[in-house]
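Reading through the structure tokens given below for one structure.
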């Protein structure tokens, strides 16, 4: 009772003294009076020399004499109402009006002492609110106040290790007194909230030390120092209190999005401790070594004090990334994760769910991190020499494998999950299978069914990487079922193990792209748009494609006057080595010609020589004669390129037979690709030389129930290549001769019968004949050549072409495709959505749908800037706007639609868009607006990486098209006004509701 009265009397006395100092500061007219008032209070709290004259002489009757008495004054001052009251005056009135006049030493040893020498717990709660709660309409200078508070916080928390002092104050105050722990949690939460909010409350022009990165880096280093100090502390109660505060700070830092910064400091610290323990035990480490280690116990309790699930998840996620960046081994990584999260995973189901569910099925980590996750949370035992090791308890492994296999087998998962996550989960399933036995697999019957279902649906996918996932799982499944009879579905797999990181995750960024390019007359390639696909379904490799494209681009139609010997077409069909063998010397030929040989071989060779297409068609129909069919396929292209008269009548039957030929049945194993390439080249030649006849047959066969998916894909590939060849083929046409005016202009400087100024002057011709022939003088001069006239020299040119053809009267023409564009596109688009027997483009045959849309996009590119493209664009866009097409669940189809839409934007001429807008063509306006809005939707929400990039390219093309259209409108208006006076192109009133072509870097809307 007496002690309470004594404290109350001391507090009353102190409040009176503070009140006198505040009154003196308010009435002060000079800075010395302010310093004297502040000094009078400081003498009661700090060891300030009382004989020092600062302003007026201070009475020594109030100066404490004993250190214990000064401690009582200080504790009463900071724990009561005196400090908040006096600090408000110091931070507002003194800092705003007088602090700039204080000497540096007085500011450091007198003014700053109130905030740097007092309890940090109380000082921080007073300082932080003044960072932004300053009334700017009051008489105080808000900028000076905030600058001073920021300076004091840097000195208190960062330079003087305020957080470290704060934890010591908390531990000392609550040491041995468990009755105070009930009110502790709200205080720790309030302190952690105040400390972590300082960077957000600081001004934009605050010192760099108060920026989020530097501030929390200093705070984290102090927290790590606190944990190191507590590892040697024997007071368990105070240690638990301090660790609770550190855990709360970790939670707040993670909540503010700085978990990466926090773990970048924590991970090396914990990893260094783990390495010291591993080195001290010389490799053989038991769990007891970590359980009994004091530092490990401190870290276990600290992470256990982090009660926020979000913070725990972010800490675990960043820990894995930081360990990967530190190149930690599997053993080091396991013990680091064990040191931090072992107790949480064991006792908290939410934390265990983070590791075995979120980190395996929802997140994407490097494969090394995936191995650490499986080893720690699923296998639950230390690894052995950086390899996965299985413990005695396998129930977790079986349950995890079953859960992953169930997700991996679903078709919706394959359609709705990004490729990176698919590769990650595939690797997780493969690593689980590596550690299972046949007996364990038999316990879970669903696992086998799910694996077979997932493998089958991935083998049907056009993506090469997706099929490699199926091959990898099939290989690991066969290894579990029968290790002696491994199943290799991919030739790239060798040995008895799979490197998951190199096989799948590294290959995710290597998805091949099919780029539709066109070559101009100079041989330059113009890439208009690209359709990224996983793999070419027809099975042709990239080298053969490049070789074929090169041959097509260089092909020139045969001249009608050229004489072709059909018998020579069979030559050169063998490989290049046969050409080398043809260079044998005549001596050797004469020797070998005398050697006997079987005459039946002679007849056999003669029977394989084809000189007419009718013979080729007949040979192709004899499916039982494999050699004859193969020979016919090899010579078919050259016979078609010769364009004989009979081709017109048999083009349709020829195309049908070529589609129905099975190259795998007529060739030896390993030669199927060569025969397949020859067949497709023959079909391309057929489409180029006789487009209408061939297209009529191919379009009827395309949706026929008598062909399979591979044949439909082959037909669409052939049509795409033929369209490119027709667009790039060079043909001869008569050159248009520009004729001059028949009537001379009266404004000419000289009459028409006089020579032009460019002619040379007249010169006298020297005669060398006899005199009687030179009876008159002759003059001559060189006239200016006529337009297009060429001087003929004496050099003669030999060729197979007609000699009497005037080369100056002909020219090379490009792009024969627009004439046949409608025949290529319209029949293929007709009833594409109709479900027939064996044909379901909107369902299971999505690969054919993607190929069809891609072929239509190629056709639009080949007819670019031609009136025919404008006529076909609306029909194609109507097809693309179908919900089943543009919003198809397969990314393969969506990429094709983006490619086709971009092709339309490239193919349409701006003048056609201008005329359509002027005429009120609402259909074109709606279609172009749909391209923009749909591309924006894809860019915002599509999970496929290639769809996102292609949508951005499509938006760029749309903006460029809008810009060119606006320029065409301006030029059209300018020409009309200059030639016919002022003229305005009036657009329909409703057109603004349908179009919103936003021009780049402009506020103009078309």
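If you go along the chain as it appears here, the first residue is 1 and each next one adds 1.
In case you wondered, yes, glycine gets a Cβ from its N, Cα and C as well.
In TrEMBL, annotation is done automatically, which means it is predicted and not curated.
Among the residue ranges 511-548, 625-662, 663-700, the one that TrEMBL annotates as region 'Disordered' is 511-548. Given the ranges 571-598, 711-738, 739-766, the record in TrEMBL names 571-598 as region 'Disordered'. Matching 464-492, 783-811, 812-840, 841-869 against TrEMBL, the residues noted as region 'Disordered' span 783-811. Looking just at the domain 'Telomere length regulation protein conserved' (612-723), the mean pLDDT is 85.
Summarised by DSSP class, the composition of the domain 'Telomere length regulation protein conserved' (612-723) is 88 helix, 0 strand, 24 coil.
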